[in-house]
Amino acid sequence: MQQKLENIKFVITDVDGVLTDGQLHYDANGEAIKSFHVRDGLGIKMLMDADIQVAVLSGRDSPILRRRIADLGIKLFFLGKLEKETACFDLMKQAGVTAEQTAYIGDDSVDLPAFAACGTSFAVADAPIYVKNAVDHVLSTHGGKGAFREMSDMILQAQGKSSVFDTAQGFLKSVKSMGQ
């Protein structure tokens, strides 16, 4: 696993069940409300500060998700896309990386083709067993509770870039221009 982590230059993440806890709440106008964990936002920003590109690939599209993507400065994304294998290959092409340089993090059946398309795969702790059986690494953190951050720390540690998250200077650099 260490060798795989050292080679990662691109991370593709699912949203519902990974960056959120997977629950959908609706306001009085019928608009979906989601919550995102601040640690995951920091993990995304830290990867980008360490020259590791991050993309979002979601089966859903919503104004709140587009806002989160914009807030984090993510440039590559596909929203409302359930066929994730082709989407992963398209994102890799846009990022200029190979499958071996790409990691994917997901939580459910819809992510199985993406796991197969990418060189390294992660599942959140609360993913179903058949999803856990399909990935390279099962995280100890649940989706929406900092699972992305757990993965990003692993990648940065493996690449000798842990100063991005384990020093005050690295942390301050990452949050300087971000609303988390």
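Cβ atoms are placed via backbone N, Cα and C, with glycine included.
What Swiss-Prot records for Asp14, Asp16, Asp107 is Mg(2+) binding site, and it gives a curator's inference as the kind of evidence. DSSP assigns Asp16 (Mg(2+) binding site) to coil, not to a helix or a strand. With a cut-off of 8 Å between CB atoms and residues at least 6 apart in sequence, the same chain places Gly22, Leu24, Lys34, Ser58, Gly59, Arg60, Asp107 near Asp16 (Mg(2+) binding site), listed in sequence order.
In the three-state DSSP scheme, Asp40 (substrate binding site) is classed as helix. Same-chain residues at least 6 positions away in sequence with a Cβ under 8 Å from that of Asp40 (substrate binding site) are, in sequence order, Leu19, Gly144, Gly146, Ala147, Phe148, Arg149. Swiss-Prot lists Asp16, His37, Val38, Arg39, Asp40, Gly41, Lys45, Arg60, Arg68, Lys84 with the feature substrate binding site.
Between the alpha carbons (Cα) of Val38 (substrate binding site) and Asp14 (Mg(2+) binding site) lies a span of roughly 16 Å. Ranking the binding-site residues Lys45, Arg68 by the number of CB atoms within 10 A of their own CB puts Lys45 at the top.
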